[in-house]
Every structure is written in structure tokens, then in C-alpha cells.
Amino acid sequence: MTTLVEARGLKKRFGDMTAVDDVSLSVARGEVVGFLGPNGAGKSTTMKMITGFLEPDTGTAEVGGHDVWRDPTSAKAKLGYLPEGAPAYGDMPVADFLSFVGKMRGLRKAELNNRLAEMADRVRLTEVWSRPIEALSKGYRRRVGIAQALIHDPDVLILDEPTDGLDPNQKHEMRNLIREIAPNKSIIVSTHILEEVEAVCSRAVIIAAGRVVADATPRDLVGSKDDGRAIQIRIGSPEEASVIEKIKPLADGAELEVMERMNGSTRVLLRYNDKPEDTRAIETRLKSADLPVEEVGIYRPRLEDVFRDVTTRIH
Amino acid sequence: MTASLSSVSVVFGREFRAYFATPLAAIFLVVFLALAGAMTFFVSGFFARGSADMAAFFTWMPWLFLVLLPAIGMRLWAEERRSGTIELLMTMPVAPWTIVLGKFLAGWAFTGVALALTTPLWITVNWLGSPDNGVIAAGYLGTFLMAGAFLAIAACISTLTKNQVIAFISAAIVTFLLVTAGLELVLGAIRGWAPYWMTEAVAALSVLEHFQRITQGLIEAPTLIFFGSLIVLALMINTFLVDLKKAQ
Ligand SMILES: Nc1ncnc2c1ncn2[C@@H]1O[C@H](COP(=O)(O)OP(=O)(O)OP(=O)(O)O)[C@@H](O)[C@H]1O
Ligand SMILES: [Mg+2]
């Protein structure tokens with residue numbers, strides 16, 4: 001497989017703060033990498049370095065085999081980029097804006113017209129085609145940003161939060177679009193929506209505090225935490241402390257952890273060093289202690305749990 | 001080379017149209033024409049002078065331009081930085097200088113439109129008497145060159161901020177200093193304490209000196225070089241500053 005994006009040891013400091021600390025990333029043709037991390041983790045900064053907008057303090061980035069700093073024009077020609085917040089010239093009508101970007105990207109008249117028509121259709125912009133961008137809704141503006149990144153049918157696509165601000169239908173369409181174009185491109189998408197990663201990404205890269213803390217397929221990421229040695233309990237009571245107190249004596253040899261509280265119930269995890277106890281036995285014991293048990297089962301981690309785990313723990 | 005030319009012209013096209021995207025351009029042109037007219041006719045007494053030339057008009061241009069060109073140049077980069085579109089622009093597969101040049105030329109062309117709208121005055125002068133049209137043409141050339149220098153400086157300064165108002169005020173101050181550098185008032189104040197070479201250097205920066213010579217019909221190499229190098233230098237600094245400030 002051809003590697004279209006190759007970043008090695010990217011580092012960037014802002015003042016005393018290290019925003020990106022030794023990030024390496026390689027993306028092959030056909031891969032869709034989900035770039036995850038808490039706010040301020042350094043996702044956008046990393047993307048800016050790969051696109052050649054921001055110069056790294058150390059490290060290199062190659063796009064389509066061209067070094068972004070030594071041969072910026074060739075590298076940038078291979079690239080479509082949606083910057084964070086989907087900036088665009090508000091006073092321009094959608095058509096003029098896309099045509100401007102297409103011309104800057106070297107498209108000639110006939111080809112440009114073809115691509116414009118394709119964008120109008122595929123990204124569904126026909127309705128707003130001649131409206132000024134500043135008059136569009138947030139979702140449409142984001143779509144204009146995507147169309148702009150796709151106008152020259154680039155090999156490499158870097159999208160910083162492409163689905164931010166889209167309604168559920170638009171999100172769904174966006175994922176379909178990404179899936180459709182994915183086979184012959186390298187795509188990096190940053191997002192805070194984890195189900196999106198499971199839906200479209202062949203790989204998830206999680207960064208925290210500027211460092212890569214996980215890099216695997218979403219399935220493997222979840223699998224790595226799934227050792228079958230934990231039991232998940234849902235209790236119909238929002239009072240975390242008292243729930244813990246009551247469960248503790250009933251779950252011998254387990255380490256207790258509150259996963260989350262929602263809709264009046266608390267999710268508690270019992271981690272065992274070895275094979276866990278039988279779930280039915282636990283359920284019976286909890287029930288006889290008058291706890292409002294809603295569910296007891298072997299814990300199957302979700303991507304969200306893995307995300308929280310790797311981004312909040314210090315390794 | 002053709003790629004560079006085409007990116008200059010694509011940027012030029014977008015920027016030039018952007019001036020007319022809002023009513024601001026029309027307002028600007030009206031204000032310019034009104035001010036130029038008022039200065040020429042009322043302050044300088046165009047008709048009372050009784051001579052068929054446009055000196056009354058050109059005299060005011062440096063002073064008008066030190067306000068008007070910062071207004072034309074202020075949005076060129078400050079607005080790109082404020083809205084974040086600079087991130088799109090600087091990740092296009094083109095050399096940054098072509099973007100700098102395209103933007104500058106768009107602003108300069110807009111100034112050209114403003115100047116072209118004053119040609120009725122030229123026609124009027126010809127109708128009233130028989131002026132030396134060569135001198136007037138030289139005056140227009142000088143005015144246009146001076147506008148280019150002021151605009152290049154304003155564009156350069158607009159890279160330093162995301163705020164157009166700050167860009168405007170800073171550029172107006174710098175061009176004001178450039179215009180007044182040759183005035184005896186300023187030179188006298190420096191001469192008291194500064195070494196001789198410094199006084200000379202400040203005097204050499206004087207836009208007024210060069211402008212007055214060209215509006216008298218003297219199209220001389222030093223004047224062309226003066227305005228030309230001001231423009232080139234400002235645009236080179238502009239390219240450097242865009243790269244330095246784009247991500248801040
Ligand atoms: N131009 C800048 N000057 C100073 N600090 C910056 C600059 N850009 C980013 N930072 C800092 O670098 C860190 C990483 O920011 P970055 O925007 O890359 O995070 P992110 O992962 O994209 O976050 P989010 O999910 O909120 O978009 C943050 O702490 C941010 O404040
Ligand atoms: Mg970000």
C-alpha cells in the first residue's frame with residue numbers, strides 16, 4: 001500500500017506550552033484515520049503542520065511523497081484541507097468561492113465546471129449555490145468547507161471537525177460521502193463524535209496533551225480493554241457514594257469504579273484480577289441487599305470508555 | 001511561471017471584486033471624488049487661479065491619499081487573519097508572493113478606478129484653456145505611483161493585526177510620517193540633534209519632494225526608482241510578515 005501521509009516526530013511549542021509533542025503518523029491510501037483527543041490535545045495543531053500551514057519546531061511531514069517544507073507547492077497540490085471552523089469568504093456566493101478555490105488549485109475551465117457541478121450534487125449545495133456564504137446556516141457553511149476541500153479531487157484529505165454543527169441527517173450523509181471517496185484517498189478526520197469513528201474510520205489515533213496515546217483500529221482499541229475480567233452493574237439510583245458503600249462488601253476481590261451516572265442510574269464497574277464471579281450470583285446478592293439493580297453483565301467496553309481511559313490516565 | 005501568473009490573476013480577480021461586494025466601494029469613491037473636488041475648487045480656488053492646469057488638484061493628493069489608501073489596504077490581510085481564511089489561502093499550492101502581489105494589484109487597480117473618475121476634471125481644464133497635457137499626464141502617473149507606495153505600506157501593516165481599525169490607523173500614521181519627512185518643519189526638528197547623514201536619509205524618504213517634481217512634469221529616474229523600490233520593499237516585507245504572523 002502507498003503511504004500518502006507520513007509525519008515523523010512533529011513537535012510544536014507555543015511559549016512554554018508544548019502543544020504537540022513528538023507525534024508520528026502514517027496514513028496509507030484507502031485508510032480513514034479518526035483523529036481523537038480531548039479539547040486542546042493538539043489535533044488542530046498537528047493538522048496545521050501536516051498541511052504546511054504551521055512550521056513544526058522539529059519533525060517532518062510528507063504528503064504524497066513531497067516534503068511539506070522543502071517542496072510546499074507539490075505537497076499542497078495533493079492536499080484538500082478543511083480548517084477548524086470551516087473559514088470562508090462570507091461575502092462570496094458559494095459558486096464563486098468554490099470556483100476561486102478550484103482556480104487557485106489549478107483547475108482549468110472545463111474541468112472546473114465539471115467539478116463544480118459534481119460538488120453541488122454530491123455535497124448537496126444546489127439549493128444555496130448562488131447565496132453569499134455569510135447568509136448560510138452553520139451546517140451549510142461546513143458543507144461549503146468540505147466541497148472546497150474536495151474540489152480538486154485530492155489524494156489526501158485533512159478534515160478538522162467536518163461534522164461539527166451538522167444535523168443528524170447531514171452527519172449521516174457526510175459519513176456516507178467520506179466512505180464513498182475513501183478507497184483511493186488517505187483521509188484524516190478529527191472529531192469528538194466517537195460513533196463516527198466506529199462508523200467510518202479504519203483506524204483511530206488518540207492524542208492527549210500532545211502525545212499519541214493510542215493508534216489502532218477501533219475494534220482493536222475496544223478489544224484491548226476487553227479482557228472479560230470486569231462486570232458492569234447498573235443501579236437505579238443516582239447516589240454514587242451510598243451505592244458504592246453498599247456494593248463494596250458484596251463484591252469481594254473486585255476493584256470498584258464508577259463509570260458514569262445518567263438518567264437517574266449509576267454504572268459501576270467491578271474489576272477482577274482474575275476470572276470474575278458469576279454474574280447471576282452477584283445479581284442475587286445485590287437484590288437481596290435491596291439495591292435497585294437494573295442490569296448485571298460482563299463488561300464490554302465501548303470506544304468512549306477506552307477514550308476516557310487513555311486520555312485521563314497517565315501512562 | 002505560468003502557474004504563478006495565474007495565481008496572481010486569480011487572487012487579483014477575487015480581491016478586486018471583493019471591493020465591490022459591499023456598498024463600501026461606492027461610498028469610498030464618492031467620498032474621494034467629493035473631497036478631491038472640494039479641495040480643488042473651494043480650498044485651492046481652481047477657477048479663481050485662472051490658469052489652465054491641474055496643480056490645484058494634485059497638490060492635495062498626498063494628503064487625501066494618506067487617509068484613503070490605508071482605508072483601501074486595511075482589510076487585505078487583517079480580515080484574512082480575523083476570519084481564518086488565511087489558513088485556506090496559505091495552504092493553496094502557490095507561492096505566497098503571488099498572493100501578496102495579487103492582493104496589492106487589486107487595491108492598486110481600485111485606486112486606478114478612483115483616479116479615472118477624476119478625468120472629467122482633466123477634460124474641463126482642456127475645455128477652459130489649453131493646458132500642458134504632458135504635465136497633467138505626469139501628474140496622474142505620479143499620483144498613481146504614490147498611491148501604490150502608500151497601498152503597499154498599508155497592506156504590509158495590515159498583516160500585523162486582526163483588527164482593521166488598528167491597521168488603518170497605523171498605516172495612516174506611517175504614511176503621514178513618510179509625507180511629512182521632507183517638510184522643513186520636520187527636518188528642522190531633527191537637524192538640531194541628529195547627525196547629518198540621518199537628516200539626509202529622512203529627507204530622502206520624502207514623498208512630497210518626489211511627488212512635487214513629477215507633478216511639475218519631471219519624470220526622472222530617481223523618482224521612479226523611489227516609488228518603485230518603496231513598493232517592492234513593502235511587498236517583500238509583506239510576504240515575510242504574512243508567513244511570520246499567519247498562524248498567530
Ligand atoms: N496560535 C497559538 N498560540 C498559542 N497557543 C496555541 C495556539 N494554537 C493552539 N494553541 C494551544 O495549543 C494547544 C493545542 O491546541 P489545538 O487547537 O491543537 O487542540 P485541539 O486538539 O484541536 O482541540 P479542540 O478539540 O478543542 O479543537 C491548546 O492548548 C491551545 O491553547
Ligand atoms: Mg481543534
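Keep in mind that glycine also has a Cβ here, set from the backbone N, Cα and C atoms.
Features reported for this protein in TrEMBL:
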{"type": "DOMAIN", "residues": "B:57-238", "note": "domain 'ABC-2 type transporter transmembrane'"}
{"type": "TRANSMEM", "residues": "B:24-48", "note": "transmembrane segment"}
{"type": "TRANSMEM", "residues": "B:60-78", "note": "transmembrane segment"}
{"type": "TRANSMEM", "residues": "B:99-123", "note": "transmembrane segment"}
{"type": "TRANSMEM", "residues": "B:135-158", "note": "transmembrane segment"}
{"type": "TRANSMEM", "residues": "B:165-187", "note": "transmembrane segment"}
{"type": "TRANSMEM", "residues": "B:223-242", "note": "transmembrane segment"}
Intrachain residues whose Cβ lies under 8 Å of the transmembrane segment (B:165-187), provided they are six or more past its termini: 62-63, 65-67, 69-71, 73-75, 77-78, 149-150, 153-154, 157-158, 199, 202-203, 205-209
Spatial neighbours of the transmembrane segment (B:223-242) far in sequence, C-beta under 8 Å, 6+ residues away: 77, 86, 90, 96-97, 99-101, 104, 142, 145-146, 148-149, 152-153, 155-156, 159-160, 210, 213-214
Stretch contact, the transmembrane segment (B:135-158) with the transmembrane segment (B:24-48), Cβ-Cβ under 8 Å, 3+ pairs: no
